[in-house]
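J.: The structure is given below, and queries will be raised subsequently.
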Amino acid sequence: MAKEKYDRSKPHVNIGTIGHVDHGKTTLTAAITTVLARRLPTSVNQPKDYASIDAAPEERERGITINTAHVEYETEKRHYAHIDAPGHADYVKNMITGAAQMDGAILVVASTDGPMPQTREHILLSRQVGVKHLIVFMNKVDLVDDEELLELVEMEIRDLLSEYDFPGDDLPVIQGSALKALEGDEKYEDIIMELMSTVDEYIPEPERDTDKPLLLPVEDVFSITGRGTVASGRIDRGTVRVNDEVEIVGIKEDIQKAVVTGVEMFRKQLDEGLAGDNVGVLLRGVQRDEIERGQVLAKPGSINPHTRFKGEVYILSKEEGGRHTPFFNNYRPQFYFRTTDVTGSIELPAGTEMVMPGDNVTIEVELIHPIAVEQGTTFSIREGGRTVGSGIVSEIEA
């Protein structure tokens, strides 16, 4: 069969497998690639075996070492990038650093065990970092003879998901066996195809970066005599056009409004700048000293300056170049947001005495001056210019 060209017109979606250790996340990932390669042979659909996925290369994301396997495959409708983090610690780091932005995930639960401690932790983390759509794959059903037991496990999983504000009663639960599908058992291969069509239907297509409201972290500011003030940086999301009204947010309590009178890239005038572009934006009615690095240009009303938030953080281990000693309540490091460091104090959860290097923990942060943040904003925790932790904003408090 002739291999067709990679079709860019298919929507692209990022997903991953999550769940307790040894419940079959990697086996399921292998089964999906293998069954799709058999049933829908294309140049993209290549079978990956367990060993090649499990031997995930080490990556460094914001100074943190993470093992993650990236595989790709496609269904009739979509192209998928799928991440599988082999170890529990890798999964936690992946979620918190934003190394793996997932639009949705497949929660793998072994029917022989039911939900386990990491099942719970992964569901909580998904909720905290904004993975809104989960599908459940109950694995290893071939090892359970008792139909009632499977029903009990399914109820238990649904209750657990509801506890963390997922639609536990309504979200899809598919029962199958990744290993049997991998071995070529047709009944279980059909279930993998059913799982993939469920993923196609249930996980919505992500909003493209260019469709989101403008956010441009300011890296540099200069003035052009006779023309005004230019703020430059890389557009994080959205678009910016001449005559757009924008807001300058962060560092100061007040939000300042401005009008865009020019957009330049590589010294050329543009009609518009798009997400990913490095641009200079000429602003009318803004003095050189009224805007600075660390602020953002944003679509009016889309983001506000805040000083207090809850965050989910991972603290680097000594081996990763992090701290050698624990820290305690009221620890005051710098928080690096996009382009700038801001000092802040950390309040630990009740009952947590200290945080050791290599731990992950929920913290409350109070910054000394406001920064444009929202749920899902990532940050680094630094001490004297070196990264000692990585986090993501889970809730805005003030």
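Cβ coordinates come from backbone N, Cα and C, glycine included.
Computed from a predicted structure; not experimentally measured.
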J.: Of 63-67, 143-147, 328-332, 378-382, which range does Swiss-Prot call region 'G2'?
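T.: In Swiss-Prot, residues 63-67 carry the label region 'G2'.
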J.: Looking at 84-87, 168-171, 316-319, which one does Swiss-Prot call region 'G3'?
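T.: That would be 84-87, per the region 'G3' entry in Swiss-Prot.
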J.: Quick test of your reading of Swiss-Prot: among 19-26, 115-122, where does it put region 'G1'?
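T.: The listed stretch tagged region 'G1' in Swiss-Prot is 19-26.
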J.: If you check Swiss-Prot, which stretch out of 11-14, 43-46, 139-142, 227-230 is marked region 'G4'?
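T.: The listed stretch tagged region 'G4' in Swiss-Prot is 139-142.
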J.: Residues with Cβ closer than 8 Å to the Cβ of Lys25 (GTP binding site), same chain and 6+ apart in sequence?
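T.: Listed in sequence order: Thr17, Ile18, Gly19, Asp84, Val108.
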J.: What's the CA to CA span in angstrom from Ala85 (GTP binding site) over to Thr26 (Mg(2+) binding site)?
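T.: Per the Cα atoms, Ala85 (GTP binding site) and Thr26 (Mg(2+) binding site) stand 8 Å apart.
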J.: How many Å separate the Cα atoms of His88 (GTP binding site) and Thr26 (Mg(2+) binding site)?
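T.: One finds 12 Å between the Cα atoms of these residues.
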J.: Where else in the chain does the region 'G3' (84-87) make close Cβ contacts, counting only residues six or more beyond its ends and a cut-off under 8 Å?
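T.: That would be 16-17, 21, 25-26, 29, 53-54, 56, 66-69, 71, 93-94, 100.
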J.: Among the binding-site residues listed here, Ala85, Val141, which has the most company in the form of other Cβ atoms within 10 Å of its Cβ?
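T.: Of the binding-site residues Ala85, Val141, the highest Cβ count within 10 Å belongs to Ala85.
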J.: I'm trying to understand the geometry here, so how far is the Cα atom of Thr26 (Mg(2+) binding site) from the Cα atom of Val141 (GTP binding site), in Å to the nearest whole number?
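T.: Per the Cα atoms, Thr26 (Mg(2+) binding site) and Val141 (GTP binding site) stand 17 Å apart.
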